[in-house]
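Q: One structure, as structure tokens, below. Some questions next.
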Amino acid sequence: MLVVQKFGGTSVGTLERIRTVAERVLARQRSGDRVVVVVSAMAGETNRLIELANALHAIAHAQHAAHNGDPGPDSKGWVAPLKRDDAGFERELSQLMSTGEKVSAALVSMAIQDLGGASVSLVGHQLGVTTQGSYTNARIVSIDAERIHALLDAGTIVVCAGFQGLDEAGDVTTLGRGGSDTSAVALAAAIVADECEILTDVDGVYTSDPRVVPSARKLDRITHEEMLELASLGSKVLQIRAVEFAMKFNVPVHVRHSQHLREGTRIVPETPNMEAVLVAGVALDRDEAKVTLTNCPDVPGTIASLFTVLGERGIIVDMIIQNASRDGKTDVTFTVPQDELQRTTEAIGELELVCAPGVTLLTDAQIAKISIVGVGMRTHAGVAAKAFSVLAHEGVNIQMVSTSEIKVSVVVEEKYGELALRALHDGFGLGTP
Ligand code: ADP
Ligand code: ASP
Ligand code: MG
């Protein structure tokens, strides 16, 4: 059997844990399997590197403000920040962040050698991981499997640095937060592995984040589509693109604990009887912010101009609500990733639309999005109504709603996010009996 084993940050977070990883990998190889390992940076390392970069920029920003007299927000609340060479910064940030995974790959490989195994670590460019897209949110387009196969044929364990690749210009790129999951599944697809194990700090995929919902239950299996929705709606146990790769290339994925050998959760294609289960899981996303433009002229082209400027900047808009017209004016509310809020307000500031009389911009980062997900919703009515009743019973006000075939999402005030998550989890009978 050919297996890819991916170990996350906590699982390689200390030298003792790295030793444990090496033992597990070697035991697997000695049982007769061929093993490719993918590692994340040691727990906290990626955050530390990002903080270093941001702290450096903050010093420059403070100096800039001191020298130029900080103008502060203008009458509409838009702030003119220090102009930064965004592409240049992102390039260096990727270069910086990719070091975290290089360190853990080398250490895991050394630990395997210390235990008498044959092992080689390889980083993104040595693996031929070619990417497209931005420096810090790149997408894998191809991987060179040849070198890995040659090493495996020689009985060597290959330890790969996750999260990174090289773009067509030869620059180091990274795959977005949690991207080592995607490295692992993409590698598994490229070498046609029999299975990709995601070894982490929980027993598998739960009905909700077990850190937030104590009654959450581990699922034995979950469909690709449900996992895709949960991942994109805030369950960070797997990166979205990892699930997409698994689906597209039919890679069997098994999410399980790195510290013991019990079965975890298998991500599987949907089978007909799965619709019997109404809701598979609920997710909480605190990373979005809400933007409202009031009193926009209700004429063709208003919304188009607004979302065009955001699209041109690569800002991904999630939920959108446009209210019915009153006296030829309308309000538009939408959500964007919280870390794009400043760029969003800057982009809107450049629009002619905002000069129209009465137009005001309101932003709110204190929101939480809670989503319930399940393929059973396709064949059952009344899920949204039940969710609204559960929240009403808890006295939680709903600000926005969006639905798809297999999910219902609501936006609520951030301070009620966890309460709402637990209420919906237990309201749909997902808790441990
Ligand atoms: P790793 O470092 O191994 O990649 P992550 O921190 O990225 O681990 O992902 C594991 C974490 O995901 C868990 O510790 C848990 O808190 C969180 N999580 C969120 N939603 C879920 C869920 N539905 N099931 C399991 N874990 C979840
Ligand atoms: N180290 C990266 C992160 O923290 C990638 C990963 O862990 O998957 O986002
Ligand atoms: Mg992760």
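Glycine is treated like the rest: Cβ placed from N, Cα and C.
Marked as ATP binding site by TrEMBL: Lys6, Phe7, Gly8, Gly9, Thr200, Asp201, Tyr206, Arg211, Lys236, Val237. For Thr46, Glu101, the entry in TrEMBL reads substrate binding site. Per TrEMBL, the feature domain 'ACT' maps to 291-367, 372-433.
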Q: Would you mind reading off the Cα separation of Lys236 (ATP binding site) from Thr46 (substrate binding site), to the nearest angstrom?
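A: For Lys236 (ATP binding site) versus Thr46 (substrate binding site), the Cα atoms are 15 Å apart.
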Q: Sort the residues of the domain 'ACT' (291-367) into helix, strand and coil with DSSP and give the three counts.
A: 27 helix, 26 strand, 24 coil
Q: Mean pLDDT over the domain 'ACT' (291-367): what is the value?
A: 91
Q: How far apart, in angstrom, are the most distant Cα atoms among the ATP-binding residues Lys6, Phe7, Gly8, Gly9, Thr200, Asp201, Tyr206, Arg211, Lys236, Val237?
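A: Those residues reach a largest Cα separation of 22 Å.
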Q: Would you mind reading off the Cα separation of Tyr206 (ATP binding site) from Thr46 (substrate binding site), to the nearest angstrom?
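A: Between the Cα atoms of Tyr206 (ATP binding site) and Thr46 (substrate binding site), the distance comes to 25 Å.
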Q: Going through the binding-site residues Gly8, Thr46, Glu101 in sequence order, which have a CB under 6 Å from an atom of ligand 3?
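A: Within range of ligand 3: Gly8.
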Q: Quick one: of the binding-site residues Gly8, Thr46, Glu101, Thr200, Tyr206, flag those whose CB is under 6 Å from ligand 1, and say none if nothing qualifies.
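A: Near the molecule: Gly8, Thr200, Tyr206.
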